[in-house]
């Protein structure tokens, strides 16, 4: 394409031909009039022939110099001669190939061509069999760059002088090549393999003195279902069948809930999968602890913030919230559990609950090539799936945050849950210390936060890294190093996590407190948040500070922001939040809060498919990005709801069921023994917390001659939102009272 442009646009090559075409247009011989179709075709043949005469020798020399297969060479020759004869398929292939984009001087460096048109092209033999088809190849071109200027930043303002030469302007704008490159789509016959095209690209690079690469080529092929597709579909089908059985069982139990004895363990397992109870729990506004109700709103706003950041380009207070849950739940359970069983039980429960959702996300990720394709597929989806094929075992061991971001399977989520798991396991030690001595425990945690922040500062200073993921920085390697050596590491996020742990301790032991107006004011929280956010302004506009201040900001801004969010949570939990508390405790945010983790895991798949399938360039504006953001939220929620009902909720219910049995055994074994020797007229019913008949029909109409007494109570699981209602049913016969 570039060689053709170089030849055809010379001063003398087509001047006579253009004058002839112009003269015919002036004589009203418009080629698109129906009466002049044949003339139009003849003129096109002349134009293409002139272009091919001027460019074909150079193109053939380039192909001959490259290591290209015979089939590829023959198909390219066929393409060239059919272009001269203006055959439909050849003209469509040329039309589907990118041309130079408009707006290059403003940084528009991409022209994607016609992806679908290219893939639809087919050239049959005379007997009807397929000779070859269109193949779309992604082409990247960049100039050979000098050494990157010190502190070069795309956020720095450039002065435009209208009367200066175009050379001066291009010299200034040329710096953009440190950040991006030309991206084109080339449509060629499918007989040319990826290796053939890469060899041709190498020869073109030598001629034009630029870096030219072809990463991947695509052609129209039938969808192939791999083993993992069949496995995922089979597992989801089984889960759906079990969920339907559980729903039918719950419906039957609800019809005569107090005429039957307590469900067996097998029935309880099926009830964990019931779509009825899981859906009711999803839309219910009640919380396991009323004073933690505000956290559902914080979770909902958290995932909205995370998706917003990913839509633009990254975020940190989910870990502060997770730390709060960890300490609050652990300290509440510790007194009633055997200490020796708590550590392995706590770690194993969290590991398996998150592992199931991670495996679901990885499995669904392999369906991305089944549902779509696009020009940038190689740059986004193919890379992610290759990472999953190579490094899936690292993800399921939750060690993804110790390898490069470029190698992580489900890169936007896997590193985070690995960090979360590691911090939860590490937090067991300070939580035990808190259980023994609150003052010493808090002191230990503060020292831990300080040590982790010091580690961030040292790594940032020694490696000369950025203070945060600075997308305006032109040094892509420095951005990557900042991600790999700071952003992914668990010590980087220990500060926000342990801020949440301290908040959990405070919330657990302060049942109610009336703050003064000055203390309940969120202005301090707002100031901390703004300091963390807008403290990055100087770096973003190209005025970076020295290494020392860079290291200090890198070490402190995450913890500062988490403290801001923790203060808002504390004020609202203690019922001093006013309108903020009303908003975050709103029943409208409760369902979104429960879907948070599923949305977090799945939203990346929606982003990647959207990003990889774009057919045209998108003008980058806040309106367009916001429009995409809203669409991504809608699609992600649509996928998250069935995944929550079929997988996440049943896994949580099973965990709660198994743990509640363990908890009862450890709390009071004598009670279990006594239960076996209760009189025959006393039946104890355990119902899922959202079984309506357990509360609505505490007293039901009885059969003649029988008196039924029901005593209801709640058996709450402090570490989980799933719990059971226990109803003691005493049967009494009037005749034999």
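Including glycine, each Cβ sits where the backbone N, Cα and C put it.
Whatever TrEMBL says is automated annotation, not expert-curated.
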Check each of the ranges 310-330, 373-393, 394-414, 415-435 against TrEMBL and return the one annotated as transmembrane segment.
415-435
Looking only at the domain 'Nose resistant-to-fluoxetine protein N-terminal' (69-219), what is the model's average confidence as pLDDT?
82
Look over the recorded stretches 415-435, 589-609, 629-647 and say which has the most C-beta pairs under 8 A to the transmembrane segment (491-510).
415-435
Where else in the chain does the transmembrane segment (350-371) make close Cβ contacts, counting only residues six or more beyond its ends and a cut-off under 8 Å?
223, 225-226, 228-229, 231-232, 235, 377, 381, 384-385, 388, 392, 395-396, 398, 409-410, 413-414, 417, 420-421, 424, 597-598, 601-602, 605, 608-609, 639, 643, 647-648, 651-652, 655
Let me spell it out: take the transmembrane segment (589-609), skip the flanking residues so only those 6+ beyond its ends count, and list any with a Cβ under 8 Å from a Cβ in it.
281-285, 287, 293, 295-303, 306-307, 310-311, 318, 357-358, 360-361, 364-365, 368, 371-372, 380-381, 384, 410-413, 416-417, 583, 632, 635-637, 639-641, 643-644, 648, 721
